[in-house]
Amino acid sequence: MEGLRSKCRIVALVVLFVWVAFLGLYELLKPVPNGCIMTYMYPTYIPIPAPANVSSNKYGLFLYHEGWKTIDFTDHLKKIDGIPVLFIPGNGGSYKQVSPCRHSCQCIEYSAPHSLILLALKSPILYILDQYRESQEALSKEGAEISGGLPSSVILVGHSMGGFVARAATVHPNLQSSAVATIITLSSPHQSPPIALQPSLGHYFSQVNEKWRKGYEPQTNNGGQIISNPKLSHVVIVSVAGGIYDYQIRSKLASLEGIVPSTNGFTIGSSGMKNVWLSMEHQCILWCNQLVVQVSHALLSFVNSGTGKKYPSVAQRILVLTKMLQSEIPRSLNWPRFVKPSVPSRMFPLEDVGHATGSFHLITQKIILNKVTDTGLAEPSVQDRYSCLPSFNWNEDDLEKDLYIESSTVTVLAMDGKRRWLDIKKLAIDGIASHSLLKLGSNGRGHFMFVTNLAPCSGVRLHLWHEKTKKVSANELPVSRRVIEVTTKMVHIPAGPAPRQIEPGSQTEQAPPSSFLQLSPEELHGFRFLTISVAPRLTVSGRPPPAASMAVGQFFNPKEGEREFSVATLLHSSYVQEEILLKEDHPLAVNLSFSLSLGILPATLSLKTIGCGIKTAAEQTPEEQSKFCKLRCFPPVAFAWDPQSGLHIIPNLYSETIIVDSSPAMFDSSSETGKTIVLLLMDPHCSYSMGLSVSLPSAASRFCLSYFSQITGFMIAAVFFALNRQARAWELDTSVPSILSAIESNLRIPLPFFFCAVLPVFISFPVILLTRTQLPPIANYISVSILCYLVANGAIMILIFSSLLVLYTVAAVHVYIRKSWMAWEDSFVLFRQILRFTSFFCSMKIVQVLKNNASLVVAFAAIPLIYFIHPALGLLVFLLSHAFNCHAALCSFLTASLRSHAQRKEHSDSRTYHKPSIQSPERANDGFDPLLPLDESYSPTTSKSFSDSQLEYFNYQLSILILHLLALLMFLPSLIAWFQRIRLGQSFPWLIDSILCTGVILHGLFGSRPDVNSISVPIQWTRRSEAGLSLAYLLAGYFTFINALFSAPYKALYAMAAIGTLCCIVKIIDRRNRSRNKRRHSHKH
């Protein structure tokens, strides 16, 4: 019965892994939707001579010039001016990918052909600044007029690994602190490497991030007194993430959280970037025209139009980047954990901002809508803060007449030139009736939402009134009676495709909204009326009128539109769709809250219009009714907010899979990052049927992307736990299980599974508290960690089955050929001569020495490759040696099994035919003896048969083979990158990688023989007097498991190297003790 359960557990884990891998690959290999516009350019790349101390085949600088005319390179280099911008491509990238900053007309772009080469140059950025100095000196000698001074810093724009290299160069010890002041990274990893498998790269990331953290801390003396400002206090950095379609660099890796304070930088996703609103692939972010234009405008905005220089103030640069890149949507909706930029008034006066830029009028107005005081008086500055510019002033005669709205919902279906009055006190019921601001909106409809496709200021304007007056602009009125305009508080949103209109009046759908406004009870408090003024339609002779105008406003209670979905509901929806009915007069804003992030359980949301407030004929079909309602109701819009990846907007939502680029349930997650908020803007005149279901293919793909590092580390931990069980069996002199049986035994419930899968998760909690202030969501963290461990066990089982299939096939073929060869030996003379020559060659002394020390020979061949070529090549050589040992043991086992089977069969036949059982020596030699080794040193005990000993040795050796195969695979991405850079010249591998691989080889040399496990080390203060390698494997498994939880699977190599060093030391001590004992024994005799 237990055997059946074991097989069921193995099959279940294999099916789980295959199911997750198949669905994940199916989803990841699907074509990615792309809404980007191609960027076209007419480049000319002017090569700049490299410094004398740098090889030209490793490093190069190019000056970008836009245009198709032929220019003189030398003359052009003498006229360098403006602000330098250095573009750094990613790994395997090209300087010709410079398009993200090519529109910066007054900037100079340099490009480096390879990002990692930048670190080899001591001062590349200073070299660029020297080019400006030499250019000005040459112009001054020619008598040319020089305007402006020399630039003091270079703007760095990096893509992928180029962004990280830009940060690494900024903290380079040979670089002046003022040489870099602004960095923009595009889809660059900052928290850790994209694939955290190489120890040197992970260590280097940690080192650079630590320097950046300390760079923003003030330097103090031993007494705690501040002696200097932070070294990086002048550096501003913005990280742009590609979003859900960037499978290489996820938003979590591109985040600057914990590295850069919010006063000096922020992270923004391309899907939430102003005027972009798109998620894009890793390479697409370089040529997507929407993003290229926005980044280029941000770079141009750094230039002060008065002085022609960059803004030196950190606050001014942050304000420029905030204005040009960030959207006001999250702040307008008061979403949690929104990283707010520093308020300008806290850093410098607003007058200074306007004076410094000349174009910050709108951004300084959009900081906050000042509240009306308890006395009913508004601050004088509130009147102008959200007012339209004077060029949009309307004449009051343009408004035909006033309309008074009696319902809580107001609708505009045309540009009719009318002003609509809404009585706040009457329509908002008791939502804002209380004088206490703490109780505003607690019961009634105290919030106001307004969506429209009309352009703010030119198409529609909104005002708040204390009382009804005739004039909108009445500066002569007292403060308590002034009218407050809130038009520019409207937030722009991306509109879906506008309905086609072939001829006037032929429109078949309502226009999608392009902006919205939300007013809270605190902002409405103290006002009596809200007016919505719509401009009259402009008529142009000979042209059809524009698409139908649309505006809908509503006083609503947010609690009426709240829907919360638990984890159980989401899991249930994966096979049974959740249905929600929204009747007419529902809240305009429907807030969906998901207890588990849609980054791990993406949900498909479908909306179907089932009514629009107008009675239809009974014979009307649902399709006709839906078509009619589309003309009545505006298309729904969805805003998905994730604190980690930011904003995702889905216009014209009818059926869409909502995915956010987050990695919840990890060690650095908080309670907020584990949730997702989806806000739906739907026409309250229509009723909807909303369906929600979890998309399993999308969930599998996000699971593989988010937890690849954890699964990789858990695979190594599972092998360590299996080696622990095998080593313990050797120590207790019992039968050594196969690696497959050992892994299955560790999954048995309750104790083995608890100690191998659950206990390490609980051990990680104290470690998390030592590095962070709070624990992650415990239930989600434990559940996802255990699920990753189960998937990792399924993956390692697939790897074991594949290895067994290959090894058994090769061994069976080998045994068959050897047996056939001996049968042909007596028949063919040529075979006897070849065999005689082979025996003579093998009997040579040098061959015997190499054969007896095969492991050392392989080690001497692998170590030079590790230290001088690449660690993966050395591990590959040593792995082939492991495979040969496994093959030899398996061949011996199969041969012994065949001989035993043949003897049993012959004995059975002799008993059947009553033949004597005594055989001659010639008869006993059945052809299998030459296939077997002469010694049986591999047998740990003499009580076991030869075949059993060979099988146990094979099982143990296979576990070591699988472990070292995983170590080799961890260096595979680095090896591919090494082959890509082979044309640029070679350099020595990182020393830490070489040292760790040497430890892995020591483990293979001294830890792959079963007799090592009989050597133990005494332990005091414990009941056990000694502990063998089983304890070392157990500790290594826990160490690897915990580091996998922390997204650092490369630290598993530390455990392998430590065990290899331990085995080497124990082996040396054992040999020394044996030699001493022999000397003492010979002395006594």
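Just so you know, glycine gets a Cβ as well, placed from its N, Cα and C.
Whatever TrEMBL says is automated annotation, not expert-curated.
Pulled from TrEMBL:
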- 12-29: transmembrane segment (TRANSMEM)
- 121-301: domain 'GPI inositol-deacylase PGAP1-like alpha/beta' (DOMAIN)
- 705-723: transmembrane segment (TRANSMEM)
- 751-770: transmembrane segment (TRANSMEM)
- 790-817: transmembrane segment (TRANSMEM)
- 856-880: transmembrane segment (TRANSMEM)
- 905-925: region 'Disordered' (REGION)
- 953-976: transmembrane segment (TRANSMEM)
- 1027-1046: transmembrane segment (TRANSMEM)
- 1052-1070: transmembrane segment (TRANSMEM)
Given the cut-off of 8 Å on Cβ pairs that are 6 or more apart in sequence, determine whether the transmembrane segment (751-770) and the transmembrane segment (1027-1046) share at least 3 such pairs. yes
Who are the chain neighbours of the transmembrane segment (705-723) in space, where the CB to CB distance is under 8 Å and they lie at least 6 residues beyond its ends? 24, 28, 195-197, 247, 250, 252, 599-600, 662-663, 739, 742-743, 746, 756, 760, 784-785, 788-789, 791-793, 795-796, 799, 959-960, 962-963, 966, 970, 1033-1034, 1036-1038, 1040-1041, 1043-1045, 1047-1049, 1052, 1055
Do the transmembrane segment (953-976) and the transmembrane segment (790-817) come close, with at least three CB pairs under 8 A (pairs 6 or more apart in sequence)? yes
Between the stretches 790-817, 1027-1046, 1052-1070, which one has more Cβ pairs under 8 Å with the transmembrane segment (12-29) than any other? 790-817
Using a Cβ cut-off under 8 Å, which residues of the same chain at least 6 positions beyond either end of the transmembrane segment (856-880) come close to it? 850, 961, 964-965, 967-968, 971-972, 974-975, 978, 986, 988-989, 993-994, 996-998, 1000-1001, 1004-1005
Local confidence of the domain 'GPI inositol-deacylase PGAP1-like alpha/beta' (121-301) - pLDDT mean: 85
